[in-house]
Structures are given as structure tokens and as C-alpha cells.
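Shown next, in C-alpha cells, is the structure this report addresses.
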Amino acid sequence: MSKKPVRVAVTGAAGQIGYALLFRIASGEMLGKDQPVILQLLEIPDEKAQNALKGVIMELEDCAFPLLAGIEAHSDPMTAFKDTDYALLVGARPRGPGMERADLLAANAQIFTAQGKALNAVASRNVKVLVVGNPANTNAYIAMKSAPDLPAKNFTAMLRLDHNRAASQLAAKGGFKVGDIKKLTVWGNHSPTMYADYRFATVDGKSVKDAINDPAWYKDVFLPTVGKRGAAIIAARGLSSAASAANAAIDHMRDWALGSKGEWVTMGVPSNGEYGIPAGIVFGFPVTTENGEYKIVEGLPIDAFSQECIDKTLAELQGEQDGVKHLL
């Protein structure tokens, strides 16, 4: 028996990440090869953006994806999020030249307050929300706070790109296959302060840390490389990472929806006080996922260096949050 289609809303749908994302969702890569989807695509009510969205929709139609049960174009979140089961909030205000961080936070607070309110009003009560648009953790916090009738746990931020970047760097250094690396995690904010933690990581049951055995490389090369990878891609490509961000969004949602089969993955989720992170802060944690629910991996020992890194990324997140509290 064929499954009933689920509704997937994507904001910023005509942008670079949207373009790298939509075809993969429609082909079944995110929710499974047996799950039909209806795409509810949101773009700003600007003629150029709406025309670009029309072009993307034409291409989606021209792929004749068997799982694509419908496509809708929207300029209002109140219609785009109607009954949606999954919402990928990709569209955000990018930082322009000479723009202060406070201005960026304020501009995004406006967007994510409106989107949170719309989700609260019209989305499915079980909607799974992934915020991709930066600053992702704080934007997820804003949307969550603007949707008091939805469970806070339904709002997540994307740290999977940092996680995947970290796995790739460790694989290259240690000569491992990237898919063999288990129990890697990234703590904190999706920003250069994130802390990619390899202390528990294994390949074939053996410690990655012991196999690499180079603490100076870990601190002086690995952590800055992962933290500044986005900037390095902009410098090289002249554009921000879009395909890798879309890929991470697919990974995050697929594992949340279909389960991580006991493996650790990194998700930015609202804290309940785990590891001393104040409740409500959207923070990168190691999680396992099953039956559409995530669970933070608890009880991991935190050494002095790790605590220092976690405190640093937490302080940055608290600063961002304090910067938007008056707007909520």
C-alpha cells in the first residue's frame, strides 16, 4: 500500500541551498524511497525571487519524480506552512558589507519571529523544524520562542555540516573511510566557535584520537580548519557553501525522520540542562534518533580543554540570545 504524501515546506526555495536541496528531497533521499512528498515552497514576495521560484518549479516538474505528489509556490508563511510535517528554514538575511552583527540579528529576528508565529498557527502539531539559515542556533531559538503552542523539541538547528566537515578532516588525516567514523560530535554554536570533539570517535572500534596521535594537529590545525571552513569556501568559490549545506540538511532530517540506527549524530537542539547548558538554549549535542525522536547522549566525561571550548561557544550563543531577547 502506498504511503500518504507528507508536506515539506522549504523557505528561501529559489536560493543556492534551495536549488541544491529540492531535487534531492523530491527524489526520496530525505524521507525514503517510498514516501511521497508535497513541496510547499516559500520565497520573498519580490517579483525577481518569485520568477526564479517559478523556474525551479518548472525544473522539478521536468524531472518527473515519481514521489513528487505536488508543488506549491508561496510568498506568505501563513500559507506556505499550512499543515506542513517538515519545515526547512533555509532563507535568512545574509550579512552585507558594513553590517554589524546586531543588525544581522535584528533582521533575522524579524524573519524568524514571523515564521515561528506562522508555524504555530498553521503547521502540523508534530512538525519537525530544521533551521539552516544563519545564525542558525539563534534563529531556531527565535522561531521556537515565537511558537509557544508547538513542542520546543520540534525546533532544531543544523550542525550537521560542521559534523560532516569534521569527519572528512579526520578521515583525511588518519587514512580512514569517512563512513567508518563513529561517535564523533560537535558541541555548541554553528559558528567558528563550535567544538568538534573526537575524544569518543572510533573506526572499527578503535580510537580515532589514539590512531591519529597528534594533539598539536588537533588543536592547531583541525579545530580551526573545521571552524573556518565556510569562510575558506567563500574565499575560494566567491559564494558560500550551498551543496554541502543542502547535503547536511538532508542528512539531519533523514536521521531525525528515519532513525540513526544507534549511531551518534550532531543536532542543534533546545537544552534541558544537559552538560550544564542552560535550559532552552539551542546547542549542538551528540544525539541518537529513533522513531522520529532524538535523544541527547548523556554522561560523557568533559575534560578541562573540552569544558573551555564548550564555555566559549556557550558564551557566544548567550550573547546572541541576549541581543535578540528585546525583539521577542
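Cβ coordinates come from backbone N, Cα and C, glycine included.
Taking all protein chains in view, 30 other C-beta atoms sit within 10 angstroms of the C-beta of His190 (active site, proton acceptor). Residues annotated as active site, proton acceptor in Swiss-Prot, with sequence analysis given as evidence: His190.
A C-beta separation below 8 Å, combined with a sequence spacing of at least six in one chain, links Gly18 (NAD(+) binding site) to Val10, Gly12, Leu41, Val56, Val90, Gly91, Ala246. Secondary structure at Gly18 (NAD(+) binding site), taken from DSSP and collapsed to helix, strand or coil, is helix. Summarising the annotation, Swiss-Prot assigns NAD(+) binding site to Gly12, Ala13, Ala14, Gly15, Gln16, Ile17, Gly18, Asn108, Gln115, Val132, Gly133, Asn134 and lists sequence analysis as the type of evidence.
The annotation substrate binding site is assigned in Swiss-Prot to Arg95, Arg101, Asn134, Arg165. Around the Cβ of Arg101 (substrate binding site), the number of neighbouring Cβ atoms within 10 Å comes to 12. Arg101 (substrate binding site) falls within a helix when secondary structure is assigned with DSSP.
Largest Cα-Cα distance over the residues recorded as binding NAD(+), namely Gly12, Ala13, Ala14, Gly15, Gln16, Ile17, Gly18, Asn108, Gln115, Val132, Gly133, Asn134, equals 20 Å. Ranked by Cα separation from Arg95 (substrate binding site), the binding-site residues Ala14, Gln16, Gln115, Gly133 are led by Gly133. Pairwise Cα distances among Arg95, Arg101, Asn134, Arg165, which the record gives as the binders of substrate, peak at 25 Å. When the binding-site residues Gln16, Gln115, Asn134 are compared by the number of other C-beta atoms lying within 10 angstroms of their own C-beta, Gln16 comes out lowest. Shown in sequence order, Thr11, Gly12, Leu89, Val90, Gly91, Ala92, Asn108, Ile111, Phe112, Asn139 are the residues of the chain, 6+ apart in sequence, with a C-beta less than 8 angstroms from the C-beta of Gly133 (NAD(+) binding site). DSSP assigns Gly133 (NAD(+) binding site) to coil in the three-state reduction, outside any helix or strand. Take the CB of Arg165 (substrate binding site) and look out to 10 A: across all protein chains shown you find 22 other CB atoms.
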